[in-house]
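A short worksheet on the structure shown next.
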């Protein structure tokens, strides 16, 4: 009968990678008595650790396996399988048959048996027996050890190195001398059961104590039999590697349950860390959204307040406050709004990648709510500056009209002073005929003067009416003064009519008339009115906004100066009449009481007013010259602003178009596109000084009260809005690319796949809007191989897909949502079932878990996080303090409420 034999050199490379040993077991090694002693003791203890499960043990390893019965029993215990029925006879042939059954079973497990047969085991060959037991240990205790893609001996060594890495005085490099000081065994126990050993009291120079401590604790608390004595290891220069490996493998299997719990704990920690990070992002979003909405709520009433101020200074302060708002207060809020959108998109991306439900902010704090509130702010702001400028123009016009009203009223009131008393005199009753004639002529002159003042009164009333229409703040006093002038004017008219009738009745009695006085009066009165009008015009304030307007005033002034020679001739003629009157009075000794009875105007007054006119002319010249210089400076400011605005405006538009092209083109990888966009962002940020310079020019224009600019179609508001849109667009585009990279890396999408997705998306995005309509998206899916028909089943499938990519039912699909959907089709992410299974491992297969179990297996903060959120377990098998980890796991993934 041919017996299978056992090859101790190697296993087949295709089937058994665990047998890549540094040194193979051979017969010569067993000639070392110390090593043979260590193997006998270790292998015997190892076998008994399994045989005792069957209620038996061995005393002598080469004698007790000779009949094959306990050898077969050992294989059944460690494999969990039934072997062929053993022979119960005592004859040699029965023993060989039993040993052969055992060796055949070993061979059936993928071990090639060479060099050893059943006869040698039956004969009690110690070397062959030890070699056979070592092979069994390798196959059933060491082969299945796997750590980080290594197995068997290398896996066991790597496991030891990983577990003892935190211990500075332990350096495991092999399975012989690295274990002589005993600290390696103690470190393994302390790493998994720190309460069993006070590791800090161990010394490297006391190996006997260390080894005995480890072996005693392992036997007492870990159910690992004592396989070696400390003397066996310390007393040997190089302990037997197989004995050490066998002993260490027992520690590995004893702690394998803890290893599974650690793996389960790691999975839970990972899931909880993601959930905690997402909750923090949600809290940050809620706070930032609340702060921004509160700022908008407080700002809109201020912008909507259209209650005008009464003075230019107050309105200009309002304009300055608005400039501060646009320059200082609003830009940071623009950045906050942009950051809010970026944070929301990043959070949603992380939730999708971690298989969590989408984040729904509190009511009123959606991104759309923020955008609507921001739109209301922009709407309130839009007309505010225009209203301010219009109010300043109105107040400027009102101040001008009010000053003009006061000047004309003062002149009129000065003219009317004493007129009522004069008209009420009854001097004609005792006057001579000549005096009556004089009184009559004087009255006619007064009527002429009165008629000449009619225009001034009408102008005063018209100005008062305009001030009322423009809502002048001091309209009551203006109206009162105007009413007083009009009432006085009506009274003057009535009294003039009454005196005229009285003089006409007396005229028939009086015929002597001084023609020269009359002529003087008739000519002096209009000339006096002309001088008063000239003085009024020369002192009149003016407001112009263009060079053409000031040139028009200058031309009119030059025309006025051209009339002065003729006026001087008229003045000389009037003065000549007065001189002739004086000559006649002197010649004929006429008693004229020293005054012209027909007029109050005298030559001195005419000369005084004429000198005043001549004095005001050069003052008017200087005022026009200064205003002309100011308008030239305003024109320079207009051109300076226009030159910059006509460059910056098109530049912003071009950058917007370039960013749009970059976002839809597929040149290079996503990282290339991201770098390209960041370069664009850098160039855009570097352009900010030109915007600031333009803001400075704009401020100079507003301070100069320049309200229009024919040299450009761009206003500062156009540039501001364009600049803010440019910054927001580049930031959003960069965020989209970053989210695409995040999605690609998390989902394992290749660059070729990403390019294919982008090409398909761009092909159906015919309007280059960056989104697809429902029909465009459906056509795109079909082009990528999705089976979506026009039948009810296909329509239902497409509706399901649309609910994923368009949860807000906007009817549009963004590229990011498209990428998320495509990557989700093949993605492998954590699920609620996986987390639930991990909790079950920690709970020891129970349907509930206790707080102490969570605190033992998880980090403190994550353990408390679970305890605070897990509902009490209500099942029939529950105990006090039991927690429901199943509902908690489903809640993490949005399948129930947390």
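Keep in mind that glycine also has a Cβ here, set from the backbone N, Cα and C atoms.
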Inset, instruction - From the ranges 187-214, 215-242, 243-270, 271-298, pick the one that TrEMBL records as coiled coil. - result: 271-298
Inset, instruction - Quick one: sort out which of 366-400, 401-435, 436-470, 471-505 is the coiled coil according to TrEMBL. - result: 436-470
Legend entry - Composition by DSSP (helix, strand, coil) of residues within the domain 'EF-hand' (793-828): 23 helix, 3 strand, 10 coil
Inset, instruction - Please indicate, using numbers and ranges, the residues of the same chain that are 6 or more beyond the coiled coil (436-470) and have a C-beta under 8 Å from a C-beta there. - result: 394, 397-398, 401-402, 404-405, 408-409, 411-412, 415, 419, 422-423, 427-428, 478-479, 481-482, 485-486, 489, 492-493, 496, 499-500, 503-504, 506-507, 509-514, 517-518, 521-522, 525-526, 529, 596-599
